[in-house]
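What TrEMBL records for B:41-71, B:81-110, B:126-155, B:156-186, B:260-289, B:291-321 is domain '4Fe-4S ferredoxin-type'.
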């Protein structure tokens, strides 16, 4: 009963944290376009807070520069479970045009943290980003929430954590 | 009174059915997910038309986005070569479709804008062009031009009107950016190609003769070489007798030239033959009688697939850059070679 209630809440209210780890800002502009009345992200219950501590979804853009390697892991660890990571654009997937001869980027971002959704494009259309968040996030967050609950109970019994 | 009317107006607005519906049940319409016609999506590949020239891979700004692959040979015919677009790297710029020389095109991506050559009526060995990519729009060329309207600004681009241009060359001297204003030679294109071929081939042979030095080059170190221009100069003058033209063509060619060098040590090769299937042109062959893996440098595209495939990192991949300079009163071509930083495997 409690779990079903939690599932409904988790599915209908998704908090997003946007992290640009060294990109050109193009994908970030597409995400800002999602907040505009035309796409209106908030009608789906998605809120952009830019605070990893209250994030359900971490959106990652950019090709992971050297300074971001530690920080991206730290941001990931700050986000509470259940969490979903989505890569927006080609930069976090392959480094894209920044991954040149002599470049100093550390793409893909999946070398450092677990990635659940990949949205390719340079930049992807706002509707593609929205589609990816809506198809992956609610289900994944709800099912992971249930798994995490089970683990916590076991830990309490054995006195772990 | 004024306030009253606006309050009534608001009440009227809020009481309407469509407003209430929209307020309680706001939803975007379906058209937000539809891509407009003008949208340039990922390129589409039609395998059958490909001639394996590699122009698409060279024009691509993203290093991992497009690769030439070759299907395996069967008993009747050789496998076909075709480009494969990696959507995780492609930036949908459409350059690959633009440069594709086949007709009909192998790669389709949005609209293509074909570049047409312009026609000049004044007999001159040079044609003056503005490279829009390098041009900084300082308009010094317009001020220096003796003919009004020969250099014009249109759609925020500086252009030379070929019909009015008198080929005086003032704009070339006035331009502060090297290469932004170009005086290209137009009447002996085939000879120019021959000179460029000569320069490239000589440089490549010269570098390949130094293969031992390349093999022993430590990581992240540069190899610096020099080739005196006199070795090419006589042959170049036989093709183009005009010294000014020949020198400028050689200078332009070496300035922009980047040669990719692939080398491997036969004694270290483990004969795993992974590179043989990976080569898009079939330049790498295996001979079972002599247990030898050989690369045919005439067929090789220098695409670096073998370098990226080799699991033992024995294939080395270098990039050579050039500069024509004066050294001890003699013109020399300076060569710098460094190992590619493209990740292998």
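Note: Cβ is positioned from N, Cα and C throughout, glycine not excepted.
The DSSP breakdown of the domain '4Fe-4S ferredoxin-type' (B:291-321), given as helix, strand and coil counts, is 5 helix, 11 strand, 15 coil. Across the domain '4Fe-4S ferredoxin-type' (B:156-186), DSSP classifies residues as 5 helix, 9 strand, 17 coil. Within the model, the domain '4Fe-4S ferredoxin-type' (B:81-110) shows a mean pLDDT value of 85, rounded to a whole number.
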